[in-house]
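Trainee: I'd like to ask you about the structure that follows.
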Amino acid sequence: MKKLQGAHLRKPVTPDLLMTPSDQGDVDLDVDFAADRGNWTGKLDFLLSCIGYCVGLGNVWRFPYRAYTNGGGAFLVPYFLMLAICGIPLFFLELSLGQFSSLGPLAVWKISPLFKGAGAAMLLIVGLVAIYYNMIIAYVLFYLFASLTSDLPWEHCGNWWNTELCLEHRGSKDGNGALPLNLTCTVSPSEEYWSRYVLHIQGSQGIGSPGEIRWNLCLCLLLAWVIVFLCILKGVKSSGKVVYFTATFPYLILLMLLVRGVTLPGAWKGIQFYLTPQFHHLLSSKVWIEAALQIFYSLGVGFGGLLTFASYNTFHQNIYRDTFIVTLGNAITSILAGFAIFSVLGYMSQELGVPVDQVAKAGPGLAFVVYPQAMTMLPLSPFWSFLFFFMLLTLGLDSQFAFLETIVTAVTDEFPYYLRPKKVVFSGLICVAMYLMGLILTTDGGMYWLILLDDYSASFGLMVVVITTCLAVTRVYGIQRFCRDIHMMLGFKPGLYFRACWLFLSPATLLALLVYSIVKYQPSEYGSYRFPPWAELLGILMGLLSCLMIPAGMLVAVLREEGSFWERLQQASRPAMDWGPSLEENRTGMYVATLAGSQSPKPLMVHMRKYGGITSFENTAIEVDREIAEEEESMM
């Protein structure tokens, strides 16, 4: 039956004289490679992949760090507010786009070719994030291997990398529980191990002089990319099976660490600091910006990963249910991870006799300084250390799978004839290229470059992309059309909550945050190091580049059309003639028989309209717009 259907699709009735060579090529590509794109082997593959993608290093490394630096429990207020206003609605919007079209972040803009630059901006952002995100995984691998010993190397002073300021804080109490030394002038062994041995940051004078490559980090980064490549070797069919372990195992370890943490003496100090809201922090725009960015980093909204995963779903997968499972599960995981982190902070603050907010220095090394030091205070410390970093490894790999799959899927969907048969080779080339670009992060000053990428690669540029996507779908394509598409998939239309968020709340909130982030701009820093002006300019240009791709894509789309500027703009903003579900059996209503190669005369009419033919399709479009307008009035 499939062979007969394929033969049927290879007989387009559109006359060759009325088709350009590119149009004829599109027909062949859509037919020959539609079945080769692949799908999830089961519904649980998609759900676990989304959970693994969202529940990543950010839940353990970024969320506690941001909560720690933004007033503890006060950070939860903007976090949940942003989750309700932006996270859940935009999560559902991105899943709906991907599942309805079965296309990646670039090809999905057949919905409105005028905004295809937003897809290119997504790829740039996710590419930059993937470069430094895998460096964090390399750090995890470094600590994982270092834990395979009887004595953890960051437990004691006296090593070649330690200074005279190093003090083993454990056991520094006297009999009455008083601290005999002023710890403000000392450094823990775990902190010096991280900064002076792992990073070897003393070998760099700043971001402008990165120093030599750290070959141990270089090899760890290579191993990280090899693991990622092997897991995405066969696309979602291979990564969809790996996540059965990588998405579930971290929860077991997290619960073990949580139970161990809350049973430590003084843990309540940290938990109280974590839960007690310090509302004066809410007056700072930085807290709200950090909360919004945490939503994006944690849920992965705007990176294209959700869209990519959903594009491999069956057409009627219940992504509405999956949206709430993943988003709420992710929030709960972040809170649990915060309990695990802050319970240890409370224990350490009691042991060291200092307030909780002074236990560890702020920075991305929180998980590489505080927790390693905590592990040295527990019996069987190498065992706990190995479990902790193995958990971080599995958390990070899930997200990295999504980043790479997003890039590979987006490009292969654009050039299926050339790349889809060679997807393995193309995936390998992407991994090699990103490994080479990430070598700067393995130098003595690599942490400075990581901070720069972290601060600018997905900050205001990501907000612009998400705002553009939301407005393009709801305003240009039309909220009623989009809701009608969702009704085709799920059997019901989104309610007032989602429509209000898509139309007003989500874009307005993100726009306000974008303005605040510009007005309240603060230069990057790492500890006491301040980045030079040229580095700040480089970071700003990095963020602007993703924004500039949107107007550049608009210019290209308009130039491809014919007629006056206004006619070009209108034509470029309308959906492509083959926009809709990828399979003919799922095309109903206005999408019936609009696939390339269909025997319906509609593609011929679209083509003749485009190249100066009949105008009856204009009347058809007007009728469709009139129907939608009438439906909007009836729903008001």
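Each residue, glycine too, has its Cβ placed from N, Cα and C.
Heads up, TrEMBL stuff is auto-annotated, nobody curated it.
Straight from TrEMBL, here's the annotation block:
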- Gly52, Val55, Asn59, Ser298, Asn330, Leu395, Asp398, Ser399: Na(+) binding site (BINDING)
- Cys157-Cys166: disulfide bond (DISULFID)
- 46-64: transmembrane segment (TRANSMEM)
- 76-97: transmembrane segment (TRANSMEM)
- 118-145: transmembrane segment (TRANSMEM)
- 213-233: transmembrane segment (TRANSMEM)
- 242-268: transmembrane segment (TRANSMEM)
- 288-312: transmembrane segment (TRANSMEM)
- 324-348: transmembrane segment (TRANSMEM)
- 383-404: transmembrane segment (TRANSMEM)
- 424-451: transmembrane segment (TRANSMEM)
- 457-477: transmembrane segment (TRANSMEM)
- 497-519: transmembrane segment (TRANSMEM)
- 539-559: transmembrane segment (TRANSMEM)
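Would you situate these features in the structure and describe their surroundings?
Mentor: Listed in sequence order, Cys157, Thr186, Val187, Ser188, Pro189, Glu192 are the same-chain residues at least 6 apart in sequence whose CB falls under 8 Å from the CB of Cys166 (disulfide bond).
Non-local neighbours of the transmembrane segment (118-145) in the same chain are 57, 61, 105-109, 198, 216-217, 220-221, 223-225, 228, 302-305, 364, 368, 372, 385-386, 389-390, 392-393, 396-397, 399-400, 403-404, 406-407, 410-411, 434, 437-438, 441-442, 446, 449-450, 453-454, 457-458, 461-462, 464-465, 468-469, 472, 542, 545-547, 549-550, 552-553; each lies 6+ residues outside the stretch with a CB under 8 Å from one of its CB atoms.
Counting residues 6+ beyond its ends, the transmembrane segment (288-312) has Cβ neighbours under 8 Å at 37-40, 46, 49-50, 53-56, 58-59, 62-63, 66, 70, 75, 78-79, 81-83, 86-87, 90-91, 94-99, 101-105, 108, 119, 122-123, 125-126, 129, 236, 282, 319, 326-327, 330, 334, 399, 402-403, 405-406, 409-410, 458-459, 462-463, 465-466, 469, 509-510, 513, 516-517, 520 in the same chain.
Within the same chain, residues 47, 50-51, 54-55, 59-60, 63-64, 67-68, 72, 76, 79-80, 83, 87-88, 91, 251, 254-255, 257-258, 261-262, 264-274, 298-299, 356, 359-360, 366, 370-371, 373-374, 377 sit at least 6 positions outside the transmembrane segment (324-348) and bring their C-beta atoms closer than 8 Å to a C-beta of that stretch.
Same-chain residues lying 6+ beyond the ends of the transmembrane segment (383-404) with a Cβ under 8 Å from its Cβ atoms: 49, 52-53, 55-61, 126-127, 129-130, 133-134, 136-137, 140-141, 143-144, 147-148, 152, 224, 227-228, 231-232, 239, 242-243, 245-247, 249-250, 253-254, 256-257, 260, 300, 303, 305, 308-309, 367, 371-372, 375, 427, 430-431.
With a cut-off of 8 Å between Cβ atoms, the residues of this chain six or more beyond the transmembrane segment (424-451) that come close are 127, 130-132, 134-136, 138, 199-207, 209-214, 217-218, 221-222, 225-226, 228-229, 232-234, 364, 404, 407-408, 411-412, 524-526, 529, 531, 535.
Non-local neighbours of the transmembrane segment (539-559) in the same chain are 113-121, 124-125, 128, 452-453, 455-457, 459-462, 464-465, 468, 524, 531, 565, 568-569, 572; each lies 6+ residues outside the stretch with a CB under 8 Å from one of its CB atoms.
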Trainee: So what sits near Asp398 (Na(+) binding site) in its own chain, CB-to-CB under 8 Å and at least six residues off in sequence?
Mentor: Ser49, Gly52, Tyr53, Val55, Gly56, Val243, Thr246, Ala247
Trainee: Should the transmembrane segment (46-64) and the transmembrane segment (242-268) be scored as in contact, given a threshold of at least 3 Cβ pairs under 8 Å and pairs 6 or more apart?
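Mentor: Touching, yes - the transmembrane segment (46-64) and the transmembrane segment (242-268) meet the threshold of 3 or more Cβ pairs under 8 Å.
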Trainee: In terms of Cβ proximity under 8 Å, which residues at least six beyond the ends of the transmembrane segment (242-268) contact it?
Mentor: 44-45, 48-49, 51-52, 55, 60, 231, 333, 336-337, 339-340, 343-344, 346-351, 378, 384, 387-388, 390-391, 394-395, 397-398, 401
Trainee: Note down the number of other Cβ atoms within 10 Å of the Cβ of Val55 (Na(+) binding site), including every protein chain shown.
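Mentor: The Cβ of Val55 (Na(+) binding site) has 27 Cβ neighbours within 10 Å.
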